[in-house]
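Chemist: Right, I'll just put the structure down here and ask away after.
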Amino acid sequence: MTAITDIIAREILDSRGNPTVEVDVYLEDGSLGRAAVPSGASTGAHEAVELRDGGKRYHGKGVEKAVEAVNTEIFDAIGGMDAENQIQIDDIMIELDGTPNKSRIGANAILGVSLAVAKAAAQSANLPLYRYVGGAHARLLPVPMMNIINGGAHADNPIDFQEFMILPIGAETFRDAVRIGSEIFHVLKKELASQGHNTNVGDEGGFAPGLSSAPAALDFIMKSIEKAGYKPGEEVALGLDCASTEFFKDGKYVLEGEGRTLEPGAMAEYLAELAAKYPIVSIEDGMAEDDWEGWKALTDLIGKKTQLVGDDLFVTNSARLRDGIRMGVANSILVKVNQIGTLTETLDAVETAHKANYTAVMSHRSGETEDSTIADLAVATNCGQIKTGSLSRSDRLAKYNQLIRIEEGLGPQAKYAGSSILRG
């Protein structure tokens with residue numbers, strides 16, 4: 001009944017108007033699983049590779065080759081297989097590709113199939129995806145890390161750091177957390193407008209004002225939290241995504257917006273100063289992806305009390321994560337399904353993190369779709385945190401709305417992670 005009878009891939013558009021892959025998987029009993037693949041702007045050098053067509057069409061960003069690979073090679077390899085055999089199906093696709101980074105068939109092709117297979121199997125079992133993947137113990141609703149001011153590669157402004165986030169740790173429920181985030185978002189919009197800043201939004205729905213420094217952005221957010229009627233640090237904490245690889249040049253951190261260049265040790269000290277001055281509980285990619293010494297310095301400095309998330313550092317890859325664990329580097333992994341390219345490898349990365357007492361943060365990409373799979377995966381893995389953008393743009397809100405539905409479906413079983421995510 002759960003045998004795969006057909007796989008149909010197509011080229012659709014993501015939230016930036018760029019092509020991406022969508023896959024439908026049909027089963028013998030009529031079940032359908034559909035998944036659309038996200039795409040990043042600031043990508044780690046060690047990520048699995050998206051297959052793009054090149055040429056003039058869509059400025060080289062077309063995905064017809066990846067679509068063709070799904071409709072022919074991948075279908076020939078897994079057609080007829082039982083959709084419940086997720087690990088075996090993912091392994092076959094990895095072997096079929098035959099490269100260490102999925103560059104022949106494309107991680108975008110493989111991931112689309114991997115997620116659609118799981119969704120089809122869940123529908124066949126008459127289970128929500130989070131329950132099918134996570135089992136009976138999947139009930140923890142994540143703290144949303146809401147990216148309300150954008151800089152770096154996500155915005156056209158002088159701010160060096162890529163994301164400034166609010167975390168409603170004092171909320172009672174996920175539904176409350178979304179409300180708190182929304183209220184602060186709208187206060188921030190008024191605050192920015194009153195100071196003459198534009199309130200256009202970036203790729204992830206956050207504002208991209210012409211501020212020149214991290215402290216300036218943090219000050220605006222602190223003021224907005226208080227004006228919305230909440231206590232910074234107690235009810236709402238702050239998070240940063242520095243995306244430091246983007247401004248790491250010749251062994252130094254070049255903060256153009258702030259007009260200074262820092263050695264790795266000084267960069268770690270600067271982040272420690274910010275974490276001491278503001279209620280910052282999480283810093284992502286505080287150091288560059290291959291600056292392992294800088295990462296070690298930062299971890300030694302503030303790792304006991306601040307969540308230090310490896311995104312470009314670990315790229316959702318269990319092998320790189322194990323290296324980091326062995327070296328005592330960072331204490332958390334950002335989980336992006338398209339960085340590694342299959343559901344099986346994604347779940348393995350979360351499990352590896354949890355076994356080492358590292359936290360895991362489920363995450364979107366800057367190029368998203370209306371697909372809300374990561375909302376289910378956040379609950380399935382009980383990871384307790386999700387990054388899926390700001391409180392605007394339907395590609396971001398699709399995930400928040402799905403989590404509201406999941407919380408409602410769980411009823412009294414649902415538990416909001418809240419302040420349990422804090423270190424120290």
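The backbone N, Cα and C atoms fix where each Cβ goes, and this holds for glycine too.
The following feature annotations were taken from Swiss-Prot:
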- Gln162, Lys336, Arg365, Ser366, Lys387: (2R)-2-phosphoglycerate binding site (BINDING)
- Glu204: active site, proton donor (ACT_SITE)
- Asp241, Glu284, Asp311: Mg(2+) binding site (BINDING)
- Lys336: active site, proton acceptor (ACT_SITE)
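Locate each feature and note its surroundings.
Modeler: Secondary structure from DSSP puts Lys387 ((2R)-2-phosphoglycerate binding site) in a beta strand.
DSSP classifies Glu204 (active site, proton donor) as coil under the three-state reduction.
With a 10 A radius on its CB, Asp241 (Mg(2+) binding site) counts 27 other CB atoms from all the protein chains.
Following the DSSP three-state reduction, the secondary structure of Lys336 ((2R)-2-phosphoglycerate binding site) is coil.
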Chemist: Would you identify which of the binding-site residues Lys336, Lys387 has the most other C-beta atoms lying within 10 angstroms of its C-beta?
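Modeler: Most Cβ neighbours within 10 Å: Lys387.
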Chemist: Restricting the comparison to the recorded positions Glu204, Asp241, Glu284, Asp311, which residue's C-alpha is spatially nearest the C-alpha of Arg365 ((2R)-2-phosphoglycerate binding site)?
Modeler: Glu204
Chemist: So if I measure Cβ to Cβ from Glu284 (Mg(2+) binding site) and keep only same-chain residues at least 6 apart in sequence, which ones fall under 8 Å?
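Modeler: Once residues fewer than 6 apart are set aside, Glu284 (Mg(2+) binding site) is near Glu163, Gly239, Leu240, Asp241, Cys242, Ala243, Leu308, Val309, Gly310, Asp311, Leu334, Val361.
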Chemist: Expressed to the nearest Å, what is the distance separating Ser366 ((2R)-2-phosphoglycerate binding site) and Glu204 (active site, proton donor) at their Cα atoms?
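Modeler: Spelling it out, the Cα of Ser366 ((2R)-2-phosphoglycerate binding site) and the Cα of Glu204 (active site, proton donor) are 6 Å apart.
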